[in-house]
Amino acid sequence: MSEEFKLPKRSRKRTREVKRKARPELDGENAWSAMRYCEKFEPFWDFTDNLERIEESQVPESEFIERFERPYKPVVIRGCTDGWLALEKWTLARLAKKYRNQKFKCGEDNEGYSVKMKMKYYVEYMQSTRDDSPLYIFDSSFGEHHRRRKLLDDYVVPKYFRDDLFQYCGENRRPPYRWFVMGPARSGTGIHIDPLGTSAWNTLIRGHKRWCLFPTQTPKELLKVTSAMGGKQRDEAITWFSTIYPRTQLPSWPEQYRPIEVLQGAGETVFVPGGWWHVVLNMDDTIAITQNFSSQTNFPCVWHKTVRGRPKLSRKWLRVLRDQRPELAQIADSINLNESTGFASDSSSNSSSSSSSSSSSSEEEESDDGGDSNTDSGQESLTAKKKKKRRMAGGGSGSGSMGGSSRS
């Protein structure tokens, strides 16, 4: 019997509606669980974590910049959550009670608009689902809602990541940058690079996340799942770990593109430098907060990509920087936009998994729309980008526009 039939009637009805809108291509009775990953998920735990850990209390900001941020080196940070109210408040039971009738984004429809679900229904779905790649909350608008914004009181930005240069664009114009993310085992984020050269941090409050990270020079064709391999689930994290990951463990896989692997536990924060490919699979029920950022350290790359990908936004940004941060405006003026940044982009103009390497052409490398996101660290999915591109080509506008504010 499908897990949907185990849900209360109203939850079952709402879950079906959300699924129909978010993934209309999965239209068969058993399409959501055709691969039966729920029954064969145990082997996905079998890997070796190989990423360095540091303690926030033992590494000052200046040392973090020199050891990790400036050389674009991933790391796991412990101790960032000390004193966070989220440790106590962010449980399934408490979230289902406090935010029971609040709607959170868990997908997008074919027009690129948000598909939302009430928290009470989503928690019931989480606790019963046997879907191969379940619905996943990835809400960037929670901070704009008078009730959901209370989540902001439950955490603080870790000390290494408080340099927030996109704030000078204005809260209504800046690209989406923070997400409340929550999902069951087998949900997750397909392989991607975060937008506009931004770096990201992801702090896990509950559960475990499995990460694979690859340096920016890794050719896209090595990492992307083809239609032949993944079918209708080609963009899903569990599909990537089933099809591409085994190849990364073969002797024939290029040594310079070996993955960094992480099992992130509750209380740990993963730092993802700009330009790094990464894929994330939830191993059990997870709740996390993640933010993308531009700092003084990564500003040259972020500025370069923003000018190329979001020219109107860059002009507004530069006007404010000239007034409030003239030293950064001077850096912006000195950057040669005709030179490559050396960092790849998960380009919306070339989303085919069989396409050429992301570093093979300057035009592809620098194409990045920086739109709304639905992942663990801020990059928009290829599926969402294609939907949005179709809508814009047809003259659509409104809440799905790419003006930097999130859809709600």
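The backbone N, Cα and C atoms fix where each Cβ goes, glycine too.
Summarising the annotation, Swiss-Prot assigns region 'Disordered' to 1-25, 342-408. According to Swiss-Prot, the compositional bias 'Basic residues' annotation covers 8-22. Annotated domain 'JmjC' per Swiss-Prot: 146-310, in sequence order, evidence recorded as sequence analysis. What Swiss-Prot lists as substrate binding site is Thr189, Lys209. Per Swiss-Prot, the feature Fe cation binding site maps to His192, Asp194, His278. Swiss-Prot lists 345-361 with the feature compositional bias 'Low complexity'. What Swiss-Prot lists as compositional bias 'Acidic residues' is 362-371. As annotated by Swiss-Prot, compositional bias 'Gly residues' applies to 393-408.
The two recorded residues, Asp194 (Fe cation binding site) and Lys209 (substrate binding site), have Cα atoms 18 Å apart. The Cβ of His192 has fewer other Cβ atoms within 10 Å than any other of the binding-site residues His192, His278. The helix, strand and coil residue counts that DSSP assigns across the region 'Disordered' (1-25) are 18 helix, 0 strand, 7 coil. His278 (Fe cation binding site) sits 9 Å from Thr189 (substrate binding site), counting Cα to Cα. Between the CA atoms of Lys209 (substrate binding site) and His192 (Fe cation binding site) there is a gap of 16 Å, rounded to the nearest whole number.
Asp194 (Fe cation binding site) is surrounded by 28 other CB atoms, counting those within 10 A of its CB over all protein chains shown. Computed over the domain 'JmjC' (146-310), the whole-number mean pLDDT of the model equals 97. Residue density at Lys209 (substrate binding site): 26 other Cβ atoms are found within 10 A of its Cβ, drawing on all protein chains shown.
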